[in-house]
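Taken from Swiss-Prot, the feature transit peptide applies to 1-5, supported by sequence analysis. Annotation comment: Swiss-Prot describes 143-152, 176-178, 291-293, 301-302, 355-359, 384-386 as FAD binding site, evidence class similarity to another entry. For Ser152, Asp263, Met264, Thr265, Arg266, Gly383, Arg394, the entry in Swiss-Prot reads substrate binding site, with the evidence type similarity to another entry. Residues or ranges marked as active site, proton acceptor by Swiss-Prot: Glu382.
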Amino acid sequence: MLSRLARTQISRSALLSQTRQLSFDLNETQKEIQAAALKFSKEVLVPNAAKFDESGEFPWEIIRQAHSLGLMNPQIPEKYGGPGMTTLETTLIVEALSYGCTGLQLGIMGPSLAIAPVYIAGNEEQKKKYLGALAAEPIIASYCVTEPGAGSDVNGVKTKCEKKGNEYIINGSKAWITGGGHAKWFFVLARSDPNPKTPAGKAFTAFIVDGDTSGITRGKKEKNMGQRCSDTRTITFEDVRVPEENVLGPPGAGFKVAMSAFDMTRPGVAAGALGLSWRCLDESAKYALQRKAFGTEIANHQAVQFMLSDMAINLELARLITYKSATDVDNGVRSSYNASKSASQRIPRIRRLLMLFRCNGFNSEYPVEKLMRDAKIYQIYEGTSQIQRIVISRMLLGHVAQNGTSRM
């Protein structure tokens, strides 16, 4: 359905021209895409969120529905069978799905991080095979970089690869791999130069590894604080043989490939936090209009009004930053600066929401308790809040040193 919307009366070239200019208004096609995603979110995700949170079951049926509507992997180009949507359009979908449930959203859009390095560094054969498969079927792919001793410090990756003939042999373990139990293929980063003094930019090689390759062991599903239906596991590689044609980008350039993916995907992470915050504001306002204290609805108390107004202001500011970062990607500009600003500010506002609900917010009968648990991960993945601040400060200082101003 959304594939057709993306090809309506506005041509793709004209649409790209419009989305590549900062605008405070969405065009009609973007509004239709957003409305369709939000309709699916409210009708399918919201009613099922608590069930999947409790069971921890992977939401295959919902994933299949999302794929049939064009809501899964919408950024895959048309030439590989996808809808060919822009980053901004994809961001609108992530925001709308996250309004319903960020765990279910991650089940649907989780392959995005694995897609990015293939899109950036893959050759035509790799893109046709692996992006084409994701466009054709509701399957999962995983970004397989984090290790037990290497999270934000990607240079600390210990998984190694050794070239033998026309193959590479991979050995090592990866941790916290989203979708790891169901992935048809993995993006894997491994150290190809054993010399610890070799710069990161030359020490690692990136691979596409098929999920059914001999030597891959998928660990148990982790029991996480939030987003419980998302499948997170340890993946172990023991003498895994990968053909040379599955090297992604030049040998030794894997670190750059892995890091470049974040510039494409951070707007989506920010959009996930944004959709959750949007839901928080809606739940807060509805509760304030219903709950009574001291003889009137709590919405009539100034302290509550201040809380709601602060949430509304911060939400709209985050939305503008997130949309700007998505527009930056469509414009070929690094998005980390703006996306990092948006992704690093979520949890304090969720805490205020919990305070508004008081004891009811501490109880699972109300949605706030789950929203609080689901929100925490946004301070961690694709760079902790502290790492996001480092990214922001480095880009800021570099820009001032070069241009004499902080204005980007």
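Cβ coordinates are placed from backbone N, Cα and C, and glycine is handled just like the others.
Projection of Swiss-Prot feature records onto the structure.
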residue	record	Cβ contacts under 8 Å, 6 or more apart
Tyr143	FAD binding site	Leu113, Ala114, Ala116, Pro117, Ile177, Thr178, Phe186, Phe187, Ala261
Glu147	FAD binding site	Gly156, Val157, Lys158, Thr159, Gly172, Ser173, Lys174, Ala175
His301	FAD binding site	Ala293, Phe294
Phe357	FAD binding site	Ser284, Tyr287, Tyr366, Val368
Arg394	substrate binding site	none
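Between the listed binding-site residues, namely Ser152, Thr178, Thr265, the fewest other CB atoms within 10 angstroms of a CB are found at Ser152. A distance of 19 Å separates the Cα atom of Met264 (substrate binding site) from that of Gly151 (FAD binding site). For Gly151 (FAD binding site), the count of additional Cβ atoms within 10 Å of its Cβ stands at 17 [all protein chains shown]. It is 17 Å from the Cα atom of Thr265 (substrate binding site) to that of Gly151 (FAD binding site). DSSP assigns His301 (FAD binding site) to coil, not to a helix or a strand. With a 10 A radius on its CB, Met264 (substrate binding site) counts 22 other CB atoms from all the protein chains.
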